[in-house]
Every structure is written in C-alpha cells, then in structure tokens.
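Positions annotated as signal peptide by TrEMBL: 1-31. Taken from TrEMBL, the feature domain 'PPIase FKBP-type' applies to 61-149, 173-261, 285-373, 398-485. The domain 'EF-hand' annotation in TrEMBL covers 496-531, 541-576.
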Amino acid sequence: MFPAESPSHTFRPLSLLQSLLLLQALGRGLGRASPAGGPLEDVVIERYHVPRSCPREVQMGDFVRYHYNGTFEDGKKFDSSYDRSTLVAIVVGVGRLITGMDRGLMGMCVNERRRLIVPPHLGYGSIGVAGLIPPDATLYFDVVLLDVWNKADTVQVSILLRPPHCPRMVQDTDFVRYHYNGTLLDGTTFDTSYSRGGTYDTYVGSGWLIKGMDQGLLGMCPGERRKIIIPPFLAYGEKGYGTVIPPQASLVFHVLLIDVHNPKDTVQLETLELPPGCVRRAKAGDFMRYHYNGSLMDGTLFDSSYSRNHTYNTYIGQGYIIPGMDQGLQGVCIGERRRITVPPHLAYGENGTGDKIPGSAVLIFDVHVIDFHNPADPVEIKTLSRPPESCNETSKLGDFIRYHYNCSLLDGTRLFSSHDFGAPQEATLGANKVIEGLDTGLQGMCVGERRQLVVPPHLAHGESGARGVPGSAVLLFEVELVSREDGLPTGYLFVWHKDPPASLFEDMDLNKDGEVPPEEFSSFIKAQVNEGKGRLMPGQDPEKTIGDMFQNQDRNQDGKITAEELKLKSDEDQERVHEEL
C-alpha cells in the first residue's frame, strides 16, 4: 500500500539532483546562455504543476506513458505526441530516449507537468535530425506524465472501508457481485458498473477476470471498499482493450463488494438469541409463524414482515418456501432469534425475483420465531400447583365450572384475562362454549388447581383467528379452577335428587284451582331447590331457567299449565322412544 502525502503540503521536496538542476537553471536564466555566454551543462527542470498526492516517482528502469510538446527556443514546434494522438510508452533510463529526456523524467509524479530545457549535447548534438532538428539545437519539452510502472510491481490494494462484521472473505472459485469505478492512473474513467444499473457478477480465480483483479479481490468482505491498482502486465498488457484502455496502461479500480458465495455453500446459521427452557425444536411438517427482516449481503433491506405488521405463516420442510429457509428454520425454538444466510442456489438463483432481489444474490434473514405447531399436536398440559388437601372429584364433561385464566401468545403478548373483569369465567364443560383446547385442558382438574395449557390453533381459533387473536396462533393459558358443580344431563334444565312427588301437579297447584300460572310454578321450583330436593342447571340465571321450564310445559302457550300439559322430561323421552318404535 502506497503512503499518501499529507494534504497540507502543496509541493513535494525536490531531490538533490533536481535542486542542483533548478539552481543551475536559475543561474542561467532558465535555460538560456549564462552571463558569460556559456552553454547549458545539464537539463533544466521547471515543475510547474505538481499533484498534491504522489504515491510514487519515476525511477530508472520504470515504464512510463506521457504526452509532450517539443519546441525550439523561439517557440516553433518541432514535434508533439498530441498531434499523433498517441502517448509515448517507453522504459526510461536505459538509453531508449535522448539523455536529456531520460534525466528530465526522473522523479516525476503521475499528472505532474514539467518544462524541460535540454542542451544540444543531451539532445541531438551537433548532427541534429535531418529536416527536423538543426545541429546544436536546445530543445524545450512540455511534458505531462500519465502512467508509471515497473516489471517488479505487484497488485497494490488499499482498504478504504471494512465493515465491522465480516461473515466471510473472498477466496478462489467464489462467485462475487461487486460495483466498481475503473480509471487509468491519471484518473481518466474507462468504465463503471454503476452506469449499467447492475453489479458485475463473476467467478474469482477461474480465468473470468484479468489476473490483477483476481488477486485484488481476494480476502474482501461483503460491504468492503477497496482501491486496487493493477500494472499492465496483470491487466490488458501491450494490446490494451478497445478504445478505452491504451496499451501498457496501469488500471485503478475502486471496488465495493456486494456479496460472495461459493456454489458448494450450504445454509449458514447463527443463533442470535436462544430463550431458556427450549423443550421442543421445529421439524419438517410443522406450521410456523415468524417475523423476519430480509436483506442482501451489503445490508440492503429487500423485505420485512414487520412492515406489514403480520407474521409470515407457513409449513416448513414441505417446499412452501425457498429451500434455504426450509432448511434454516428447522431446529429452531419458540422465541429464538436466528440469522439465516442463504446462497443463491438455495434462494432465487441466477435470475433473482422482482425488482428487489437481483440475480445470484445471497440473502440474509434475521428471523424471530413466534410459535410453531404440528397439525397432529394435542393440548399440552402442565400442572403448576395442586391444593394440599386430597381431591376426590375432578372436573368432567357436563360440569359447570368457574375458573380464572390469563391468555397470551407464545411470544408473551398478552391477549385476555378473567382478572380484567373482576370475576371468574363460567362454563359448562363439553357444551361448546369455549374453544376445544381449553375445554380439554380444564377437564380432570381439582378445585384450586393451577395449570398451564398450550393450545395449538386447530384446537383454538384456527387459520382465521378471532378478534385480537392472529390466525394460526398457538395460545398459552394459565388457568385456576375456582369451583365445580355437577352438570345436568343434556336437554335437562332441572333434575330431582330423588323421585319426584307422586302428586306433582297437585303440589304445584298451590290455590287448587286446577291451573298453575307462572307465579305458582316459579314458587314451587324454588322451594324444591331450597329444600335440596332438586337443582336447576348451573351457570344460568334461575329466573330465566324457570321461565324456560314453564314455556316447555305450557303446551298451548295460554299462560298456564294444566294437569294434562304437565309432563316430566323422562316421561316425554319414554313416549318419544315408543313413538319411534
């Protein structure tokens, strides 16, 4: 890597030879005869433009490319490379140039401009060049240096920016995507990928690139910026390339690496956060809900579930998503955060997709697993605590129960709680009044027992969800059984603890007028409940239940019950059996 000169210095210090030449020039009037009228003894060098940065100076044996105008003392031009539209490309200091030019180019920087005054004995001497340069002519050259290199040069790499996170570095046989600006050593642009609106995509170390670029890309990280200087013999050499890269040209590339992968790569996994107590890991066939941010390797975001405020829901291991994600999501825990790096052959391949994922792009997914389940999963029941006293009876189908609950998603998002209403929830088990998974989880409990229930969506609110509950959500309940009452058989609103009275209608007809109005019916039923002779369906308003019983017995709906109308449900059921027989 070449050291850069401090920007506070406008001119570089002259070498001893250049200082002597300049003093000599000043003493002789910048190349004209000395006061004594003597001739110049050496080349006079006037550095009238010196670039602020000069990573290297011309030395003997270097190969240079430069433009020049050649004139006599009176200003008459005798030669110019500009007129031929061809740079001079030659090795200096080995006798291929006139001695004055060899000496005058020493120590020169790229883009430096010099005026050289060459005395006759360091130019074409007393002979001159027939028809072009007369004998004993002092020559004046205005020179601009455009390139310098040496056969001993190697590729020069300067790291301009390296990202803090480097998942991998470029190696031979890797496939890379990168942007670049290509210039000649003097800064002339010859090509840029940015103008084409797409990266340059190629293999490294496989003959697809010039040798210098193959070398210069090695060890790069995605997101890294480099300056790569390539000598001609590791670039396009003596032939150059078309009209944009001259022969024997050094090339400078400013490169930004977008991504890198190898056709042999597999999915790379990195656990970012693993919650404690992972009792189950996802496997093929599970249905998963997860959030993700999807980015390219250079950090460009191409998609995010968070922007839609909705999880991505899918089966894994069954071909519903790209192969890399199918593989990368297996083995995760609920609540885990995982980074999944997917090479293009396991993502969208050479063609990419849409306008956000280019061809041959490596994709990085930062995933947060919300929950997963399998369609065959039952309710998971975990007892948190039991009452210390023995429990002879537990909740069963048909029982009327009161219970407290907290309900949340598996990521901890709180949904509902009975404590918000200040009273326990009531339900009759098996009456389809609560979701199936909760109904199942509440069975077999002792009063005072606390449980944790994990209810898969097919036993909860399914794919569609419910108000406040996302579709396909696994629900977590913490439940406590507060009370339990034996339920009634299906279809019954009231049952007798023993056989009903033989004179049921007479006992019910309190004023003995042969009719039982609603008031007498209600008073009679309440008295049976208070005396412990029967019980109403639990969990409903007694007045409503008694009203429904009256309506069932008032066959002709005239507002009173007669002896002919009054029938026990057991007798009705028996009559119905006989009718069916």
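For all residues, glycine too, the Cβ spot is worked out from N, Cα and C.
The shown structure was predicted, so the numbers you read here are calculated from the model rather than taken from an experiment.
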Folded-back contacts onto the domain 'EF-hand' (496-531), same chain, C-beta under 8 angstroms, at least six residues removed: 542-543, 546-547, 549-550, 553, 559-563, 566, 568
Dominant neighbour of the domain 'PPIase FKBP-type' (398-485) in 61-149, 173-261, 285-373, by Cβ pairs under 8 Å: 285-373
For the domain 'PPIase FKBP-type' (285-373), the number of residues DSSP places in helix, strand and coil: 12 helix, 37 strand, 40 coil
The domain 'PPIase FKBP-type' (173-261), counted residue by residue under DSSP: helix, strand, coil: 12 helix, 37 strand, 40 coil
Three-state composition of the domain 'EF-hand' (541-576), taking helix and strand from DSSP: 20 helix, 1 strand, 15 coil
